[in-house]
Every structure is written in C-alpha cells, then in structure tokens.
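**Q** Questions regarding the structure given below will be posed in turn.
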Amino acid sequence: MTDRPIMTTSAGAPIPDNQNSLTAGERGPILMQDYQLIEKLSHQNRERIPERAVHAKGWGAYGTLTITGDISRYTKAKVLQPGAQTPMLARFSTVAGELGAADAERDVRGFALKFYTQEGNWDLVGNNTPVFFVRDPLKFPDFIHTQKRHPRTHLRSATAMWDFWSLSPESLHQVTILMSDRGLPTDVRHINGYGSHTYSFWNDAGERYWVKFHFKTMQGHKHWTNAEAEQVIGRTRESTQEDLFSAIENGEFPKWKVQVQIMPELDADKTPYNPFDLTKVWPHADYPPIDIGVMELNRNPENYFTEVENAAFSPSNIVPGIGFSPDKMLQARIFSYADAHRHRLGTHYESIPVNQPKCLVHHYHRDGQMNVYGGIKTGNPDAYYEPNSFNGPVEQPSAKEPPLCISGNADRYNHRIGNDDYSQPRALFNLFDAAQKQRLFSNIAAAMKGVPGFIVERQLGHFKLIHPEYEAGVRKALKDAHGYDANTIALNEKITAAE
C-alpha cells in the first residue's frame, strides 16, 4: 500500500471516519458535536460565489505575449518593447448567458487578457468585436437588462432586445456584426479579439498617442449557422470549453497576431467621427494596423474555479507607457469592473493567486475582508500612513503620465446629436457578399420571432437608412420565416399618434 496523505479538518486535525456521521445509537439522530459533518455541509453551502453579472460563462488558458515589432517611439511600456516576453492569462466568455448556458449561442464573445508584466498587471478587457452597442455608460445597465431574463416570465425577451436596439441607433454597427456570421463562432480559437476602446500610449519624451489594440486569429475564422448551432447544443453545452481545453492539451496552441492602430494626439480633433466613440472603428486606410507581436495560449489551468472563475480583469490595471482616453465607456469601466470584483470576490481580490502581480506590491491599504497579507503592504508595521518617517513606500514620479488637455462646459450632452450611426454599418454591409447578406437577413428574422410589429418596423426603418437592400432583405426574410407582412399594428399606432 502506497503512502497517502492523512485527511484532516480545515484546522488540521486528523479525520478517523469519513463514511459515517456521529449518531446517538445506530438508528439515532445526529449529534451537534459532529463538527466534521457540520464543517463539510457548511463548506458545501458556500462553494458557489456570485457569478459575474455579465460574461458569466467563460473559458480560460495561460500563455505568452511576445513582442516582435518596434513601437518604442510611441510607448515606454516595458511589456511592449522589442523582444519582450510576458506571461499572461486569457478568459473568453459569452455576454448574456449564465454559468450553465450553452457555449454555442449567438452572442458577443468577451476577450479579456491579463499580462503579468514586470511593472505590474496590465489588463486588456475587450471583445471579439471592435465596437459595442452603446456609447454612453449611463445606458449600459439598461442594455444588459435587455439581454438578461424578463422579471416576470424569467425568459429571455426578444421584444426587450429589439425594442432597446430600435430606440438606440448607435447599436446598429454592433447588431450587424452580431447577426452576421461572426456572431456565432464555433469556438474561441477562431475569433479575433479587440481592445475595442481607445487607449493611449506615451513615451519618455512625454508625447501621447491614441491607440487601438487588435488580436487577429492565426487559425482562421469558423462559424456555425443557427441550424448547426442547434445540433451542437443538442450534443453538448460545453462545445467551446471542450475545443479550447483539448487543443491545448494536444499541443495545438492557438495564436493571435497582435496589432495596434496609432493616432497622433492632435488628430482626434480632425477626424470626421469621434475617435473615442465605442460604436465606431478607425478606418484602416487612415490608421493602418501595425504588427507588433504574437499572443500564444499554451497551458490549461489546473483548477477552473481558482484560476478562471476567480480571475479578475479590470481596465483600471495599466502600466507606465499605457494610459486611458476620454472614451466614456472606458471611463465607466475603470470604476465598475474593479468594484464588481470587490463585490464578487472580496475586498482584497488582488491577493488571490491568479490576480497577484509578479512584481513586488507596496501600498497603504489595510484591514478589511480577506486581508491575508498581514495588515499593510508597506514592509514596515510603523509605516501605516503616508507621508511617514519610517521608510514606507514612496511615489515614483517617472510613472506620471503627460498632461491631457481637456476643455468644455460640464453638461449632459445628447450623444446622438450630430452623430452618424449609419455610415460605418453601411460600409460593413457593403463588404458582405450575397451569401453573407442572406445569412444576415435570415439571422435577424429568426431573432425577431414574436417581436411586436411596431418594434420590427422601427428597426426596419434604421436598416433602410443603412441601405435599402438591408431593409428589403430583412423584410423578405421575415415574411419567409414568419409570414410577416405590412404591419397593421405599426400603421394603427401611427394613426393614433397623429390623432
């Protein structure tokens, strides 16, 4: 018989019997002093933590970021210097589904990256799409509510989704991507990733540049049709997890080409679009993507819960040489992501091993739930405030960003006034070939099943402003799929409104 470790309680005491509860007599009731049973049941009651409010269903892996290009003239970030190799963690996800949702659903895929750099953790928290549904964070909770379950029926509501989208024309770009082939990828090895937001670079000379990050899959793109996805879900709800885990276990390491688009700081005032608008892309003809490196995933987690479910990504985690921008959605996420982790994982969530930086950490935060580092991180128990005379940690002036020029009156500006929400979706639509357009029309028609006619007509009006062919194609697909025709509900509502 081989030597095996002794089973103990969480306090370290050996357990004599893990098969039978302590009872008063063979048939008698269980005794309250059976602490082993109480401990076991209590731990089971607390095994589940709150799932993420968004992006709950996810898949993760470790890897390496290798920089092969030279953008040192734009940024001082050590992680982006030529030849740098940085360990990292990636977590992919769906947006709307809960932890038990099927993987093969039509949805945006989250693309969250944590780079363990020598200057601290750098998190890039993006999606597999370069744009998003809303541009003002005040509307983000409302949008997410439409993707979740109806409070009365507890069912997903196509009516809520299309009602919100049809009242929010800024969503057209993302909706078009979502309903296209790329809205239903076969897995996450065959998708692109995007930082989506506009970030900034700054160099040793104090010069600032605006930047967008792209991760282009080197495996090619693969997508399901709706019918194919239904068959996949009938076989397995874990198709993406199975694919990613198996590929890495078999040594088929997925790779992404890393690119950046760089815009001189003053160009932001010259572009015909707002370069900080999350519903817009930067045309590649104006700001060509620059190849800077390769991201490879090459190791599976040993424990999903501790290394993927406990992973906490936040856009607030940046390093010297990388900064933020006036992107309103980014500004809100800087706060909301870290705050969500404090709620879901605890005050000191960054002490969880998967979230710990690889460099030394020194700060004056103290006490609180989950404090496992001895009170303070200053290295001296007498230095628990700042400034102090007891060799506590001090600032590093070289990490200061260059000043950002901001002007304007404080107000709640209508973000739809003077904003063109149709040109970029039109450019995307015109890139589709005939077969891609037909699938787009069919996917939209399928997603509109059961939606009231007046909402359908409102959305069709937006599609027509993108391109008459877009509106006509969806209208025909609706008739073919559901027998939808000239809508009397919409007409009656217009008459009522006029009266």
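Quick reminder: no glycine exception, Cβ is built from N, Cα and C everywhere.
Swiss-Prot lists these features:
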| type | residues | note |
| --- | --- | --- |
| REGION | 1-25 | region 'Disordered' |
| COMPBIAS | 7-23 | compositional bias 'Polar residues' |
| ACT_SITE | HIS55 | active site |
| ACT_SITE | ASN127 | active site |
| BINDING | TYR337 | heme binding site |
**Q** Run through the compositional bias 'Polar residues' (7-23) and tell me, per DSSP, how many residues are helix, strand and coil.
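**A** When I sort the residues of the compositional bias 'Polar residues' (7-23) into the three classes, I find 0 helix, 3 strand, 14 coil.
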**Q** Going along the chain, which residues six or more apart from ASN127 (active site) have their CB under 8 A from its CB?
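**A** When sequence neighbours closer than 6 are ignored, ASN127 (active site) has VAL108, ARG109, GLY110, PHE111, GLY193, TYR194, SER196 within Cβ distance under 8 Å.
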**Q** Please give me the CB contact count at 10 A for HIS55 (active site), counting all chains in the structure.
**A** 22
**Q** Could you round the CA separation between HIS55 (active site) and TYR337 (heme binding site) to a whole angstrom and send it over?
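**A** Checking the Cα atoms of HIS55 (active site) and TYR337 (heme binding site) gives a distance of 12 Å.
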